[in-house]
Amino acid sequence: MSTDESEDVYSDLYSIISQVTSNTANDIEQLPYALTFKTSLIFVGATIGGLLFGYDTGVISGVLLSLKPEDLSLVVLTDVQKELITSSTSVGSFFGSILAFPLADRYGRRITLAICCSIFILAAIGMAIARTLTFLICGRLLVGIAVGVSAQCVPLFLSEISPSRIRGFMLTLNIIAITGGQLVSYVIASLMKEIDNSWRYLFALSAIPAILFLSILDFIPESPRWSISKGDILYTRDSLRMLYPTASTYHVNSKIKQLIIELDKLRLYEDASEPLLVQSQSVIRYMDSSTSGTLSPPNIKRLSSNTERTSNTMSSSSAYLSALRGPAPNGALASNKKKRHRMEPRTIRALIVGCMLMFFQQITGFNAFMYYAAIIFSKFNIKNPLLPPILIASTNFIFTFFAMYTMDSLGRRAILLRTILIMTVGLLLCSVGFGHDQVNLLLISVVIYVAAYASAMGSVPWTCVEFLPLNRRSFGASCIACTNWLTNAFVSMTYLSTINTIGDENTMLIFAFFTVCAWFFVYFWYPEVKGLSLEEVGRVFDNGIDVHYVFRTYH
């Protein structure tokens, strides 16, 4: 590894913290893990953000059906105004996705989620009591900010607090919470459709999960990786005891030592003059058998004294602290304090692929059905136009499970190439259904489209962050999320106006055109990375985009 590569790979500490998983204290990870009531409460509580994400993005379909002009002091509620109400959440989510990582790194994952839930509550109340269009749009913008932050922070938090044995399950649970939240919003809207001003109740109900999260906040620990990066050993130890209730003091302390070793190695590339425990930006809380205190950097002698006297927290501390000073490997500049902002060409190519695939995820029209399904099917004089949206959301929910169990086994590229073709067929059938007023054909074709979408396109673009080197993942995840929300906002802001201008059937043809473009994009530029290490993923983008690297190398 060259000096430039070393500086580039290790320059961003906090983006790497979230990736320190596989080599962190194997002893504690190998313990049998049994979910207790308290640990279940922690993990379920952490997924409340995903539930709110799904509910607040799905609820708008039922709201638009029950919202009346006089409710907002209007003479008429135009399609453009409906589009503004709908798309304002996506606009807010764009800004939320930008704020997510800075907030999570500065205040911690737990506090950031608490801030999100507070915003969810405030926005829910504001939207429920809104008497003007402007006030309602402001409420939707506010909830969008919370959605954008939680969409980024919840998976990060879960990946950092989950034991390796259940990490995949917990991340899956978050996806289930999102799609389940959308389904719940449709079901509740259907049950409340005969109630006057039901849209106010639909908005108000979104405050309940947020209140539940705040009520159990004291039982949810901070990410150990974040707290150790801040030098708070005492809090890290308490968090680990909550997350691993069967672990002994030895296992907990081993985990802490391994975390410190990993993080200190990373910091060597920024400033190797002092190990993590005595770096100038860290204030270490340290508890030994008789005392607890705050150790500031100048108190090096006191630190040495404490570590020598402490047997439970850190054994052989003098040798341990000396070991942390190990040389930066491969000639990296140990005293480098400058942050490198230049991205390598291969990183730029990888980021473009991720953003483009996310663009196609949204421009192919999925959220047009999610947001406006009730309006779409109300044109066909269906007794309950909220029943088709429930079927659509149920299809999305069920086939999301299919995606989670096939992406790694079949490969993302292979499943994308197959399901995008099915999406295209579904949209073409939608166009026929609209053109001939065949509601049954329309419903079947939408279900086909949504099933294919949920099987790959709904999930795969979010995994493109794995194309990026560790020190660019936070930035790359924000870019990919921003692409999602901006394209989402564009589709939701123009859909009703478009169908009024060129008709439903032609709008479906436009979506079908973009799915064809997406297929060619995947075929020529989206590589398969199944089973590749981080270094090998980088090689895929070394000279252009080698989409056949896996097959040429391993088959």
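Backbone N, Cα and C atoms are what each Cβ position is placed from, and that goes for glycine too.
As recorded in Swiss-Prot, the features of this protein are as follows:
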- 1-39: topological domain 'Cytoplasmic' (TOPO_DOM)
- 40-60: transmembrane segment (TRANSMEM)
- 61-83: topological domain 'Extracellular' (TOPO_DOM)
- 84-104: transmembrane segment (TRANSMEM)
- 105-118: topological domain 'Cytoplasmic' (TOPO_DOM)
- 119-139: transmembrane segment (TRANSMEM)
- 141-161: transmembrane segment (TRANSMEM)
- 162-168: topological domain 'Cytoplasmic' (TOPO_DOM)
- 169-189: transmembrane segment (TRANSMEM)
- 190-200: topological domain 'Extracellular' (TOPO_DOM)
- 201-221: transmembrane segment (TRANSMEM)
- 222-356: topological domain 'Cytoplasmic' (TOPO_DOM)
- 289-313: region 'Disordered' (REGION)
- 357-377: transmembrane segment (TRANSMEM)
- 378-384: topological domain 'Extracellular' (TOPO_DOM)
- 385-405: transmembrane segment (TRANSMEM)
- 406-413: topological domain 'Cytoplasmic' (TOPO_DOM)
- 414-434: transmembrane segment (TRANSMEM)
- 435-440: topological domain 'Extracellular' (TOPO_DOM)
- 441-461: transmembrane segment (TRANSMEM)
- 462-474: topological domain 'Cytoplasmic' (TOPO_DOM)
- 475-497: transmembrane segment (TRANSMEM)
- 498-506: topological domain 'Extracellular' (TOPO_DOM)
- 507-527: transmembrane segment (TRANSMEM)
- 528-555: topological domain 'Cytoplasmic' (TOPO_DOM)
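Sequence-distant contacts of the topological domain 'Extracellular' (61-83) (same chain, at least 6 residues past either end, Cβ-Cβ under 8 Å): 130-133, 136, 185-186, 188-190, 192-193, 197-199, 202-203, 370-375, 378, 385-386, 389, 492-497, 500.
Across 40-60, 169-189, 201-221, stretch 40-60 shows the highest tally of CB pairs under 8 A with the transmembrane segment (141-161). Touching of the transmembrane segment (385-405) and the transmembrane segment (169-189) is concluded from the presence of at least three CB pairs under 8 A, sequence neighbours closer than 6 excluded.
Touching of the transmembrane segment (84-104) and the transmembrane segment (475-497) is concluded from the presence of at least three CB pairs under 8 A, sequence neighbours closer than 6 excluded. As a quick check, the transmembrane segment (40-60) and the transmembrane segment (475-497) miss the bar of 3 or more Cβ pairs under 8 A, pairs 6 or more apart, so the two do not touch. Counted over residue pairs separated by six or more positions, the transmembrane segment (119-139) shares at least 3 Cβ pairs under 8 angstroms with the transmembrane segment (201-221), which defines the two as touching. Within the chain, the topological domain 'Extracellular' (435-440) has long-range Cβ neighbours (under 8 A, six or more residues past its boundaries) at 377, 380, 382, 505. Listed as Cβ neighbours of the transmembrane segment (441-461) (distance under 8 Å, sequence separation of 6 or more from its ends, same chain) are residues 175, 179, 354, 357-358, 360-361, 364, 366, 369, 373, 377, 380, 388, 391-392, 395-400, 402-404, 406-407, 412, 415-416, 418-420, 422-423, 425-430, 432-434, 480, 484, 518.
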